Amino acid sequence: RSCTDIICCLIFVLYIVGMLIVGFLAFSWGSPTKLLYPTDSRGNLCGVGTFADRKNLFYFDLLECIPSSLSDIYSITSCKTTQICVKDCPSQNTFYLTADKSNLYCQYEVNLNTTSKSISQLVNEGSCAKYTLQSEALAYRCIPTVVGNTLTEFLSSQSTKTNQNITSSNGKPLNEENLKWGTIAQSILLNLQNIGHRVISDIQISWYWILAAFGITMAVSLIYIFIMRWFAGLIVWLTIYLVLTITGYATYYSFTEYKRLAANDTSSITFVFTTNLSSYKNMKSTWLVIGCICAFVLLVLILLLLALRKRISIAVQLIKEGSRSLTAMTSTLFFPIIPWFLQLILFAWFVVVLIYLSTSTSAKYEQVKNSSFTGIACDAMGAAKQFIDINNTTSCSFVIYNTNDNILRLQVFHLLGWFWLMNFIIAFGQCSLAGAFASWYWAWDKNKDIPSLPLLMSVGRTLRYHTGSLAFGSLIIAIVQLIRAALEYIEYKLTGQGAQPSPVTKFLLKCLKCCFWCLEKFLKFLNKNAYIEIAVYGKNFCVSAKNAFMLLMRNILRVAVLDKVTDFLLFIGKLSITAGMGIASFYFFHKEKNMNYYFTPIVIITVGAWVVSTAFFGVYEMAINTIFLCFLEDCERHDGSPDKPYYMSKKLMKILNKKNKKTIDEK
């Protein structure tokens, strides 16, 4: 062997260095506290720097937070009223006409102890809030908790004392309905925090049972793979004959019903369309159509079975051979832990850098007039007071954090790197496993000729010689995934904020998304087989991909049958294990009284069972695919002569009516 695709390996290393540089820049420029803490109307972060003791955000007038429409871009990210950072949220209900200065919430430059202005002047010029409501901090935002009779009594008493109702600057009256809509944009996502705390509490209570369930899932998956060497054929043939029996009975029943209705004068003579579905069963035409369809399907199934019987037998035997190889190298079942761990580290790095990049932003300010953003930029620190002095209905408010083009380019670079590295880790796992299973297949004596530590040796060969080839193959898939992500982004931009693109544009986008989805699936299939060729013969990626593709095309029917039979058996296994663990966990946890939501561990165990079984069966599938490709190579390269003997098992040779010729010494 020699190193393959060296140029791709060098480019891959340089790209990793580039990702590290992007990470360094992100850590230098970004500030994740922008995501953790809220921002006031002037772009100041609450709880940070000079506002370290003011972590909570107070809204002067929550009625101005009512979104104009569901597509209002600012309904969640910003509110059109003045917002300030405060140490504590209001603990009582007040109205400025009956309140003391000590109870007011005002802008930072207002000193209530020294100002000569009256409360009315401060409120009218927008320096202080008109009213406050008893609130609690939810995700560092002051959300009113006063509802029902308490709110009604407060509003009634203030109306009696002042002879006027509490309204917002745009005339909306303060009542429970408007208050609900004013806070919904701020609390619709924030209320999930309480649910999250309860879910975490449930996980803390049941974590050891969850881990035990994962252990049981691993054991059951291992047992399922082990027994496939005996029961794979039974399951496949039993399923085939069951489908034929059901289809045959459906054909018989349909024609029997047709004859019965045809002999009955009161039955419907002609077929008519109706919304009453139950009436179709009384139409003889219905049963005639169903009978003909079932008969046609039955005929097709029988012909397929006759034509593919030998190929199905080969597929079943290859599945059994895969089980044998896994039994001989049980360590391969636990190998996915290493790629998982690497992918977890990579995902954590990707998320952290993405957070820092997304917070490498500058604040955007716009003029607010009549409770609406005008789209006119302004400087909150230098011009906000000027706007208020000119016209009390106009102010300058923080809108959102803007991302410049350079940050967007770095995000795209970072995203492509994440796609590339994730696919590289997958390729590394597939090639390493393929090398181990190939060494098992090409061993003349399966008990003696298998090298010691075959998986470890395969990992070493893969990293030493074929890093460049794996980088080449994974880059191709990463580029396709980046294009798919770009299409999703374009669709989001075209359909965002209530926009409706033209039907032609939507159709083209759907077509492109479908085409690139299919292309990605095909490339993943081709790459997996190319990695098997690389593990067996040590050629570069392009040569291996070409050889694998041509080999599969020459045996396309065998490929199709093996693929579907394998998918069926593995799906049955994953579904059975997942359903079994889900049902068992339900009966175990549904009477648990110490939990907030008993379905929390049930969902985690069910999803985890699917993930764990998928990981185990992924190794099994890789074993089957590797042995299949080796089997095809064995059939084409060897003829059973003493110089070119078959390496396949005797059962496979029996199915193919082949055998190895004995040498003179053996005779």
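Using the three backbone atoms N, Cα and C, a Cβ is placed for every residue, glycine included.
Straight from TrEMBL, the features:
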type     : residues : note
TRANSMEM : 7-29     : transmembrane segment
TRANSMEM : 207-227  : transmembrane segment
TRANSMEM : 234-255  : transmembrane segment
TRANSMEM : 287-308  : transmembrane segment
TRANSMEM : 329-357  : transmembrane segment
TRANSMEM : 418-444  : transmembrane segment
TRANSMEM : 465-487  : transmembrane segment
TRANSMEM : 568-589  : transmembrane segment
TRANSMEM : 596-620  : transmembrane segment
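Ranked by Cβ pairs under 8 Å to the transmembrane segment (329-357), the stretches 7-29, 207-227, 465-487, 568-589, 596-620 are led by 7-29. Against the transmembrane segment (207-227), the recorded stretches 234-255, 418-444, 465-487, 568-589, 596-620 differ in Cβ pairs under 8 Å, and the greatest number is found for 596-620. Remote same-chain partners of the transmembrane segment (568-589), defined as residues 6 or more beyond its termini with a Cβ less than 8 Å from a stretch Cβ, comprise 206, 209, 213, 216-217, 220-221, 224, 228, 232, 235-236, 239, 319, 595, 598-599, 601-602, 605-606, 609-610, 613-614, 617, 620-621. By number of Cβ pairs under 8 Å, the transmembrane segment (7-29) is matched best by 465-487 from the list 234-255, 418-444, 465-487, 596-620.
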